[in-house]
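Here is the structure we will look at, set down as structure tokens.
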């Protein structure tokens, strides 16, 4: 047995040896992974420089506010169109042209107006009448009524027709409605073109409908924003309730951890047992019914899955699967009962540790604040980068023209000889772009922006994990708890992490960020290759995405345990990761059991909290319950605050349980080290709790060698 034990440990590193000077997290430590610390500093300096450049060149108004054909904003203070908030299209039917999707602009003159038209008028009918004063406000600025109708339409100075419109996202779109199955705008079904001909307005309506789809998402966003403005305080109340329930669940774990775990295990067994009984009853009920003996193979695939519930073979398959699960769970409980008891004891010990370091429950607020800074900087830099292009003007013409869609200068185009080749052509604003070195580097800057976001976000999470691990490790390695604990364990651990281990945290988060940015690029390539018919390329892409997903999960697991070792021993990242990995491999069965038991318990807690708050929010915002008379605000979409409350509740519960989970993981590694370092003698006493010592009293040596 001794030889087998030596071979086992030889494969998974060397067990920790007794050290009489070791009394918990080492205070006399040095800086680790200094090179990575310098790299992080230089990367942050570069990131700040990218942000300054983006903020200098960018203008977020380009993606928020409408722009006319000259590239000027509508309704913005300090611009020529400050008093004209709405964008009017001369011929909105052209906005449904595929060119809009290719070059992101509508090939028709667009001007800013004070209000959208509210009547039917054509240029021909309004000319030389009192209505022309109203009509002129929809012509280009500076329009002079000194040309004929044909010349005005040729030069694109006025629209051929104006129709009643409604503003949508600061743009004028025809007021469409149906009358006896006929699409209409106002009360008209026809309109006059510039030559006096009556035309069916359905064509115009269809074009408007296609153009409307471009801005449906924007209208939805505005309605969602409106819902937030009237329900934000109720959302906050729901999140506060989620916070109280999270604290209550952690308090229950402190006193009822063992009972809660066993009740959940028994409930799982009973539910599976009832499932087996139900499948057997359905199997017996279908005996003798016509068609119930058809096999699944003969039936084949059916889109209506309810058909399979009328087959005896379906219920037999369900019964066999549930029976296998039931037997496996019972056997695992029989053979792993000792390790489940250890897991429960560690959960109880984690509850005591959290109780002695109560400020640890507030640390997720620090992590949340730092993550919000990272997200805000990334989002603002991304928006400014995407809007730091210059205005690009292109030649637009309704006829065949050799200059069509070529870049031009609106100031000099009418005077250049090229304009003589296309007399009816116009130099119109197309989109924002550029050909300079800076504009060609925008894609690379966006990738760098995303990479730095991943790196800094992972660094913030790593800082929180090292801080919490250091605080909880000081609790475990205190012989007399809490008397031997430092005065401020959380602040001490936070100071050690920043002072000595910034480089190690940067190293671990850098590795994870590289994998994450590769996954983002794979997703981008996958979207670009969706139209491809190459099956091998699709198969390769799926394999790569799966491999990098698994790699990311493994690195997160390894980093988490490496950070615990860094918090305790102050070693560099690679040494800590190796020691943590080998320590877990020497106790792989305990790791698997503890991980699944705690994950199941925390998942149940999250589901209870999120489900309770979500149900309460649903009944409240759908006016099914009232706290006081008419408290629920009127909403466009009641699911907006409900989903916000559910997602926020999950994040709050996850924040509390992440502290609890980090505590369990830290105490578990300390417990494994305790078993290897000490033997329970007076010279080498165990630091574990009395409950754990009682569980391992007779089988301590056997468990260590297993």
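Each Cβ is built from the backbone N, Cα and C atoms, and glycine gets one as well.
The transmembrane segment feature in TrEMBL is assigned to 34-55 (among others). If one looks beyond the transmembrane segment (34-55) by at least 6 residues along the same chain, the residues whose Cβ comes under 8 Å of a Cβ in the stretch are 377, 380-381, 384-385, 388, 438, 445, 448-449, 452, 455-456, 459, 502-504, 506-507, 510, 573.
Remote same-chain partners of the transmembrane segment (232-252), defined as residues 6 or more beyond its termini with a Cβ less than 8 Å from a stretch Cβ, comprise 260, 351, 354, 361, 605, 608-610, 612-613, 616-617, 620-621, 631-633, 641, 644-645, 648-649, 652-653, 655-657, 660. The feature transmembrane segment is assigned by TrEMBL to 232-252 (among others).
If you look up TrEMBL, you'll see 259-277 (among others) marked as transmembrane segment.
Residues or ranges marked as transmembrane segment in TrEMBL: 315-336 (among others). Same-chain residues lying 6 or more positions outside the transmembrane segment (315-336) and placing a CB less than 8 Å from one of its CB atoms are 265, 268-269, 272-273, 275-276, 279-280, 282-283, 286, 296, 309, 589, 593.
Residues or ranges marked as transmembrane segment in TrEMBL: 357-379 (among others). Residues 51, 247, 250, 449-450, 452-453, 456-457, 460-461, 463-464, 467-468, 471-472, 475, 489-490, 655-656, 658-659, 663 of the same chain sit 6 or more residues outside the transmembrane segment (357-379) yet have a Cβ under 8 Å from a Cβ within it.
The transmembrane segment annotation in TrEMBL covers 452-477 (among others).
Counting only same-chain residues 6+ beyond the ends of the transmembrane segment (498-518), those with a CB under 8 A from a CB of the stretch are 29-40, 447, 450-451, 454-456, 458-459, 461-463, 466, 548, 551-552, 555-556, 559, 562-563, 566, 570, 572-573, 576-577. Marked as transmembrane segment by TrEMBL: 498-518 (among others).
Within the same chain, residues 13, 24-26, 29-30, 32-33, 36, 462, 465-467, 469-470, 473, 493, 496-497, 500-501, 503-505, 507-508, 665-666, 669-670 sit at least 6 positions outside the transmembrane segment (562-581) and bring their C-beta atoms closer than 8 Å to a C-beta of that stretch. What TrEMBL lists as transmembrane segment is 562-581 (among others).
Among the features that TrEMBL reports, transmembrane segment is placed at 601-623 (among others).
Same-chain residues lying 6+ beyond the ends of the transmembrane segment (635-657) with a Cβ under 8 Å from its Cβ atoms: 223-224, 226-228, 230-231, 234-235, 238-239, 242-243, 245-247, 250, 361, 364-365, 367-368, 602, 605-606, 609-610, 613-614, 617-618, 621-622. The transmembrane segment annotation in TrEMBL covers 635-657 (among others).
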